[in-house]
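The annotation domain 'Alcohol dehydrogenase-like N-terminal' is assigned in TrEMBL to 25-144. Per TrEMBL, domain 'Alcohol dehydrogenase-like C-terminal' is recorded for 188-263.
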Amino acid sequence: MLAMNYRGPFRVRIQQKAMPEIQHPQDAIVRVTRSCICGSDLHLYHGLVPDTRVGTTFGHEFIGVVEEIGTEVQNLKVGDSVLVPFNIACGKCVFCQQGLYGNCHESNPQATAVGGIFGYSHTAGGFDGGQAQYVRVPFADVGPMVIPEDLDHDDAVLLTDVVPTGYQAAEMGAIKPGDTVVVFGAGPIGIMAAKSAWLFGAGRVIVIDHIEYRLEFVKQYAQCEAYNFRSLEDVVLFIKKTTGYIGADVCIDAVGCEAAGNAMQTITGRKLLLQAGSATALHWAINSVKKGGVVSIVGVYGPTDNLVPIGNVVNKGITIRANQASVKRLLPRLIEHVREGRLNPKGIITHRVPLEEVADAYHIFSAKLDNCIKTVLIP
Ligand code: NAD
Ligand code: ZN
């Protein structure tokens, strides 16, 4: 089969690879019909996630058709169209039992933080991902959901990660009616977080990024304010001023570690931080949230040595909530929002390309070219 293949930082290519096989009675093999590239994939692509091995296939946002099932699989049958949450979850461990499907112990027993994730390095269990014609899906009775007849498949593929993650970012913010919510990052996740913030009753939503086309996009899509941090003299001061020197009620980090560190350089006098992953947005979030406010982090930090002003977190009594999204827990609610028109996931898809063009697709998304927001690969 054809599959995306990681060759090292900034190098991916399409390659022939052996077909995945059932390895466990609870596995299914899925023929992929749509597979997105995520901002999280960029951290792998940029070489920022430990133990990303050459030869692995990325891709944790995919839908497809069940091709084969293991002998113990009961909830799926061959031919079903399924959406597959990015978390690989056993459904039975102590974490899954609490709805923490992103922290499943069984799918990645070696790790202390994250559960298994499709196509996300050996740190996340070493599973091959769905930027391929076929993918092996472990614990097939737990994660995959048969796509309801009335759900558009473009919406479905975005429900595997982007929508639940953006939504959970807002949920973790514990937004109260009328709150001012500041979202750092106008990528797919920040866009969806901004959109979701209104669903929790926000009174004002502000998005910060430095890519003009994305700021324009989010303004329209999420009906919010959007500012370019390069044209603000001081981001923290700007947020303080615009909130009557109180600070934002909720700040959301939807940035994560950045390869180029280009955002990092905007923190003057803190050159030291350049060696770490890009923690700029986190600084801004912590420093511009009000006292007693909430910082909600969904940005992924690959390297472990990000320096953060943790003392300020303590002194300001900020609540930081962070996690991998618990897709399965949120899906029923989100599908209702899509059905009733409150969320329009497919509205963020800007690129639809054959899997064979995966190398170009990564370059375009990584370099933020061609007004790219979200790319769907079609195997
Ligand atoms: P993306 O790369 O498309 O978007 C990130 C955006 O942040 C870009 O537009 C970039 O210009 C902007 N940015 C960079 N530095 C900034 C700064 N200092 N302030 C404000 N904006 C800044 O990625 P995405 O797909 O939107 O994903 C965003 C983050 O969410 C990534 O770190 C990704 O790994 C993470 N993520 C987390 C989960 C989860 O479950 N927790 C799931 C999916 C994605
Ligand atoms: Zn993703």
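Each Cβ is built from the backbone N, Cα and C atoms, and glycine gets one as well.
Just so it is clear, the model here is predicted, and its values are computed rather than measured.
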Per-residue pLDDT averaged over the domain 'Alcohol dehydrogenase-like N-terminal' (25-144), given as an integer: 95
Counts of helix, strand and coil residues, the domain 'Alcohol dehydrogenase-like C-terminal' (188-263), according to DSSP: 34 helix, 16 strand, 26 coil
Helix, strand and coil counts within the domain 'Alcohol dehydrogenase-like N-terminal' (25-144) (DSSP): 16 helix, 33 strand, 71 coil
